[in-house]
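Feature annotations, reproduced from TrEMBL:
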- 4-137: domain 'Alanine dehydrogenase/pyridine nucleotide transhydrogenase N-terminal' (DOMAIN)
- 15, 75: substrate binding site (BINDING)
- 96: active site, proton donor/acceptor (ACT_SITE)
- 134, 198, 203, 220, 239, 240, 267, 268, 269, 270, 298, 299, 300, 301: NAD(+) binding site (BINDING)
- 270: active site, proton donor/acceptor (ACT_SITE)
Ligand SMILES: NC(=O)C1=CN([C@@H]2O[C@H](COP(=O)(O)OP(=O)(O)OC[C@H]3O[C@@H](n4cnc5c(N)ncnc54)[C@H](O)[C@@H]3O)[C@@H](O)[C@H]2O)C=CC1
Ligand SMILES: CC(=O)C(=O)O
Ligand SMILES: [Mg+2]
């Protein structure tokens, strides 16, 4: 198969879809890989390293999309990329469709086949291609939160760990999945007083067993959220209903209950955000303030630490990319149930229920495609 790896063009998106090691594996399986010039530079990979691994370099993004049967990238295509996508082209990347009707309709209109990293789902309901980036973003949420709590950056001016004789900051984590667990671990390590809320009793039990003594767990509901926000200094949003719009757990009126300088980090922004006042921001301009509450809602947090993130992402995506390239998407998905869950849009049809629900679009049975092998 002819594979294309474009350079990411989203603001401060410094990751790349395939590393030179990944190129070498794909080439070894008999595929041809075209990498856009300087696509890996921000992640520490020079063009020469890709050439050494067997890639061919193309100077422009247009040529990459024009040449490739399958595109492997990191973030969802943004407006300037829409017209580059060809009918029947296979796109393997994050899409987060439920947060953008414009993107959903653009991919429907393109006639392409969209396999979303974030909805590939193992039988235990874990999301293997989202997990490493959630680990990065969860850890980063505390780093960013601690920074924006500083007074010159308009935060409350409190140190997460406090000092001897002065109480630490309170950190509230909504959702105890991958993001929430990593956030809680980091905040606890810095000495904060941490509370994790989740709706899964099984998850709460697990967290209670593994977390240190300065982390408490509570069942998530509006009552508990309203109680905690009054005294929390940093609130991290990490809830997820796979493929769907995030539930709005903190509503606009609740901001008035918070103390001035409270910091909200909405990691769930890529699925629409779990705070009503969330709107996506960029690494260039990451925060805004409403009712004296600082909002941080960067939709591609791992893009700021590409040395860590590109390796972590491609470690997990490559085995699936190889299957897609070796067998073609129909056979690969027919033979691999977790990968089949990644199919979101096929040749103009939405095949993932939560996306059809989000925008009231007709849903086509994915098996209508994968059971008919050419
Ligand atoms: N902004 C960014 O750069 C990044 C964003 N993300 C996003 O972070 C979000 C979380 O991802 P993961 O932690 O991997 O998901 P996950 O599936 O591991 O965890 C989600 C947790 O939310 C819980 N939950 C669901 N409804 C809830 C409610 N009403 N109250 C409390 N908890 C609730 C679930 O029980 C689950 O434990 C996703 O939207 C993901 O796309 C992930 C990586 C980077
Ligand atoms: C998951 C996601 O949105 C990211 O890694 O940017
Ligand atoms: Mg207020």
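First residue shown is number 1, and so on along the chain.
For all residues, glycine too, the Cβ spot is worked out from N, Cα and C.
Annotated features, which come from TrEMBL, shown on the structure.
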residue	record	Cβ neighbours (10 Å)
15	substrate binding site	28
75	substrate binding site	22
96	active site, proton donor/acceptor	23
203	NAD(+) binding site	17
239	NAD(+) binding site	25
267	NAD(+) binding site	33
269	NAD(+) binding site	26
270	active site, proton donor/acceptor	27
298	NAD(+) binding site	27
300	NAD(+) binding site	25
Fill in: By Cα-Cα distance, the member of recorded positions 15, 75, 270 nearest residue 298 (NAD(+) binding site)
270
Worksheet item: What count of other C-beta atoms do you get within 10 angstroms of the C-beta of residue 134 (NAD(+) binding site), across all chains shown?
Response: 23
Response to the item:
Using DSSP three-state counts, the residues of the domain 'Alanine dehydrogenase/pyridine nucleotide transhydrogenase N-terminal' (4-137) come to 52 helix, 21 strand, 61 coil
Discussion item. Here's one to test understanding: among the recorded positions 134, 267, 269, 270, 300, whose C-alpha is closest in space to the C-alpha of residue 75 (substrate binding site)?
Written reply: 300
Discussion item. Measuring Cα to Cα, how many Å separate residue 270 (active site, proton donor/acceptor) from residue 203 (NAD(+) binding site)?
Written reply: 23
Discussion item. Out of 15, 203, 270, which recorded positions have CB atoms lying under 6 Å from ligand 2?
Written reply: 270
Worksheet item: According to DSSP, which kind of secondary structure is residue 269 (NAD(+) binding site) found in, if we only use helix, strand and coil?
Response: helix
Worksheet item: Quick one: which of the binding-site residues (15, 75, 134, 239, 269) have their CB closer than 6 Å to ligand 1?
Response: 134, 239, 269
Worksheet entry | residue 96 (active site, proton donor/acceptor) versus binding-site residues 134, 239, 269 - nearest by Cα | 269
Fill in: Residue pair residue 269 (NAD(+) binding site), residue 15 (substrate binding site) - Cα distance, angstrom, rounded
19
Item to complete: Write down the Cα-Cα distance for residue 15 (substrate binding site) and residue 134 (NAD(+) binding site), rounded and given in Å.
Response: 15
Practice prompt. Between the Cα atoms of residue 15 (substrate binding site) and residue 300 (NAD(+) binding site), find the distance and write it as a whole number of Å.
Written response: 10
Worksheet item: Which state, by DSSP, holds residue 298 (NAD(+) binding site): helix, strand or coil?
Response: strand
